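Here is what Swiss-Prot says about this protein:
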MOD_RES   THR2  N-acetylthreonine
MOD_RES   THR2  phosphothreonine
TRANSMEM  41-61  transmembrane segment
BINDING   HIS118  chlorophyll a ChlzD2 binding site
TRANSMEM  125-141  transmembrane segment
TRANSMEM  153-166  transmembrane segment
BINDING   HIS198  chlorophyll a PD2 binding site
TRANSMEM  208-228  transmembrane segment
BINDING   HIS215, HIS269  Fe cation binding site
BINDING   HIS215, PHE262  plastoquinone binding site
TRANSMEM  279-295  transmembrane segment
Amino acid sequence: MTIAIGKSSKEPKDLFDTMDDWLRRDRFVFVGWSGLLLFPCAYFALGGWFTGTTFVTSWYTHGLASSYLEGCNFLTAAVSTPANSLAHSLLLLWGPEAQGDFTRWCQLGGLWTFIAFHGAFGLIGFMLRQFELARSVQLRPYNAIAFSAPIAVFVSVFLIYPLGQSGWFFAPSFGVAAIFRFILFFQGFHNWTLNPFHMMGVAGVLGAALLCAIHGATVENTLFEDGDGANTFRAFNPTQSEETYSMVTANRFWSQIFGVAFSNKRWLHFFMLFVPVTGLWMSAIGVVGLALNLRAYDFVSQEIRAAEDPEFETFYTKNILLNEGIRAWMAAQDQPHENLVFPEEVLPRGNAL
């Protein structure tokens, strides 16, 4: 028998290796290094939103009631943006505005910046989580790449747009009706629906919905009917190892319907990835443009002719007048600190009126 005497080749683990072993251990809910960013940020963002919508008023920032405590419901409650006078202050609890007073911090709109930044980093943490897991199980990172699209939209709408304006005040508040108000604001002040980047975003989202419906229906239509047992459709069995539907049949069907069809599964699924992700990224780029007050399409010749000819009006000129109406009515209500007053005679009226 040979006995080897000497130093063990197995060195003791350092702190990093110990943490790595624990964080990336196979468990029911994966934690990972990304979880150090994701879980705290998601917890604080959601907790801040539930706290704000339940208890915190918007009286001091918008002159509105916005909490369940004041009588709002799920659709009308919101965590509102800080007042316009606070510009782009981070509104830290210990900052010069609140000076450590939690009640004052909530009244000033501190919860909005708290939720916006923790929410943004939480979303980034979720994308990193997908990268980390994909690397662990040797998958391509397309899930994480796809998730970059909603992150781009969130960051552009909630952070970049108000940074381009005079303050966080002009970002969307975190609530259902508040988001609707923001959409009306975008239309009235930026003519957003006529912006080509918005058009690409709509095409991407609705096109993706159409592709999802067609793809799901086609797969269900071409499931193999295997055997004559009690469970006729073995394709619904999650342990079935063989292919569950016929790509050849699907290709033949759509070739007859449209004259063209996907003949390759990889190209088909890449297209389903490409359409919505590109659409959302285009929308995000468009919102960055709005942050800089870039204009959408302007058809000035139609506006001039409509102004000169009482009988000439197009859907475009009607929409321009609607936008003027939104600006006139919304500015006075939405920016009470400006003390704007518009007499009846200056409110826009179309030629049809």
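Cβ from N, Cα, C; glycine included.
Remote same-chain partners of the transmembrane segment (208-228), defined as residues 6 or more beyond its termini with a Cβ less than 8 Å from a stretch Cβ, comprise 234-236, 243-247, 249-250, 253-254, 268, 271-272, 275-276, 279. PHE262 (plastoquinone binding site) sits 28 Å from HIS198 (chlorophyll a PD2 binding site), taking the CA atoms of both as reference points.
On the backbone, the CA of HIS118 (chlorophyll a ChlzD2 binding site) and the CA of HIS198 (chlorophyll a PD2 binding site) stand 27 Å apart. In this structure, the C-alpha atom of HIS215 (Fe cation binding site) lies 25 angstrom from that of the residue listed as 'chlorophyll a PD2 binding site'.
Counting every protein chain shown, 22 other Cβ atoms lie within 10 Å of the Cβ of HIS198 (chlorophyll a PD2 binding site). Taking the binding-site residues HIS118, HIS215, HIS269 in turn and counting surrounding C-beta atoms within 10 angstroms, the largest count is reached at HIS118. According to DSSP, PHE262 (plastoquinone binding site) is assigned to coil rather than to any helix or strand.
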